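Novice: My structure is below; once you've seen it, I'll send some questions.
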């Protein structure tokens, strides 16, 4: 007799056969009623890798034993500590090692990148973003325009959603880039839209922007560690991201930055700091700034070693699993959840995120029948029973099954609780 592919027993069989199942044990889960919480919020804050504590302790022990000499001696000297995460990050984002650096935080890095790559002229001064962009991106863009004496009402162009669910078609993006091409100095685009969960064809967007003579940058906050990326091959000028979501580096973690290799030895103007000076002569303390080649030349201050340690722990797990395997499981998990919703609670939940797996990561953005009031009620009920998603105003519950630690059975637990709530 065939097993129902949407049954609990089939989900348990999928979990038992999952080649990545052991990775779940590498994370610390919050507890609810003495059991692991069912956690779907890796798109907001990833779980703590168990090895993170040991790697942070290693830094603390080295600090205690060596003090300032820890910069130059010890098992992991701090002078080059940031380079311990470089190769792993390059693999995750599809870059060469010298194109990436872990530094600062996302919006700080965005400002640094715009200082170099947003170079407005009288004819070409506009910045293009998506309507409904994450507020920090919009604040950064508007402030950069004002720093150049430009009016955001005139020089900030937004691509409006052209679908009823709030998503954006590639046709709309391409048409807007073509319409405003001669005016565009910069196209700044997300890898995944934070509210809808829509993923974009980044290579195509980069090609369209560069064909119009605009610089192109990506905010990969919701894409890095979630979907396959190929920043070098896509030809993007720069990208920025955070590490506290899918990269599991902890609250307020150090950010990440990509600068394409074609800019490695350029004389681009930049906001400079001493840690961006070339390493061989940095400690001569000479007044002339000589940038390190590649992305490291945009560093300002010495790296936050304690904050980098959890990122090391997480990247080891990414290397252990590999992005292709993680993506394959992610598509299975999110597709399974989509089927469960359509089959068992279609009258309760509407999926906002595109159905095409190529246009989404692991996140499904959900609206609840009855609007915001009912949505909040369901969200709070799920919290009360130990199932954690997150809420985004005005009316979206985001659920992100993360392949590193979520199971197929978790999806059934979620949907069963939705059924219980709806029947009450």
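Including glycine, each Cβ sits where the backbone N, Cα and C put it.
As the structure is a computational prediction, the values presented were derived from the model and not from experiment.
The annotation pyridoxal 5'-phosphate binding site is assigned in Swiss-Prot to 106, 107, 134, 135, 136, 137, 219, 222, 244, 274, 302. Marked as N6-(pyridoxal phosphate)lysine by Swiss-Prot on the basis of sequence analysis: 245.
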Novice: Going along the chain, which residues six or more apart from residue 136 (pyridoxal 5'-phosphate binding site) have their CB under 8 A from its CB?
Specialist: 106, 107, 110
Novice: I want to check the contact list for residue 134 (pyridoxal 5'-phosphate binding site): same chain, sequence separation of six or more, C-beta distance under 8 angstroms. What comes out?
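Specialist: When sequence neighbours closer than 6 are ignored, residue 134 (pyridoxal 5'-phosphate binding site) has 190, 194, 219, 221 within Cβ distance under 8 Å.
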Novice: My understanding is the cutoff is Cβ-Cβ under 8 Å with a sequence separation of 6 or more in the same chain; which residues meet that for residue 302 (pyridoxal 5'-phosphate binding site)?
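Specialist: Non-local contacts for residue 302 (pyridoxal 5'-phosphate binding site): 78, 275.
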Novice: Including all protein chains displayed, how many Cβ atoms other than that of residue 245 (N6-(pyridoxal phosphate)lysine) lie within 10 Å of its Cβ?
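Specialist: That number is 25.
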Novice: Find the longest CA to CA distance in the recorded pyridoxal 5'-phosphate-binding set 106, 107, 134, 135, 136, 137, 219, 222, 244, 274, 302; express it in Å as a whole number.
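Specialist: Answer in Å: the longest Cα-Cα distance is 31.
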Novice: By a 10 A CB contact count over all chains shown, which of the binding-site residues listed here is most packed: 106, 219, 244?
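Specialist: Of the binding-site residues 106, 219, 244, the most buried by Cβ count within 10 Å is 219.
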Novice: Hey, does DSSP put residue 302 (pyridoxal 5'-phosphate binding site) in a helix, a strand, or just coil?
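Specialist: Where residue 302 (pyridoxal 5'-phosphate binding site) sits, the three-state DSSP reduction gives coil.
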